[in-house]
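Database features, via TrEMBL:
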ACT_SITE  105  active site, nucleophile
BINDING   6, 34, 52  S-adenosyl-L-methionine binding site
DOMAIN    1-166  domain 'SAM-dependent MTase RsmB/NOP-type'
């Protein structure tokens, strides 16, 4: 089963429609909620949690030219705070031995590696699980994170860190 939690009703509607078109809607439950509030009140823990964090979108500028003109330095500081809050909330949902994936569509280290490093300082019960068993080595950083580079890979830029909670 997949439980999709999002504060945005429109994104959940699109997910539901897409799931129906692929005939997998019986496996997906959507929950409209702020993850920070949901995690605080939820008693269920999950094997795997994917946090697709809101980000600057610096990895998808070729598709979202509007982002180039609509960003300020203060926006990034607010985003980093939100990313940290959502990262902490997502961690509450991971059962011992479970996996937490943190991902963005950004190529900015401040939103990626730096967020993971800050998280690991706050949550020593998690450790990095290198992603090299799951994706080609060309996409793996020295620290074991997934990273796609728009120039190097001719793909959108993206980042993901796979973390495991101690038993």
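For all residues, glycine too, the Cβ spot is worked out from N, Cα and C.
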Can you give me the same-chain residues 6 or more apart in sequence from residue 34 (S-adenosyl-L-methionine binding site) with a CB-CB distance under 8 Å?
7
Looking only at 6, 52, which of these binding-site residues has the biggest number of Cβ atoms within 10 Å around its Cβ?
6
Here the Cα-Cα span from residue 6 (S-adenosyl-L-methionine binding site) to the residue listed as 'active site, nucleophile', rounded to a whole number of angstrom, reaches 17
Farthest-apart CA atoms of 6, 34, 52, residues recorded for S-adenosyl-L-methionine, distance in Å
13
Within the predicted model, mean pLDDT of the domain 'SAM-dependent MTase RsmB/NOP-type' (1-166):
93
Residue 52 (S-adenosyl-L-methionine binding site) versus residue 105 (active site, nucleophile) - Cα distance in angstrom
8
For the S-adenosyl-L-methionine site built from 6, 34, 52, further residues of that chain with CB within 8 A of the site's CB center
5, 7, 8, 11, 33, 35, 54, 86
Relative to the Cβ position of residue 105 (active site, nucleophile), how many further Cβ atoms are located within 10 Å?
22
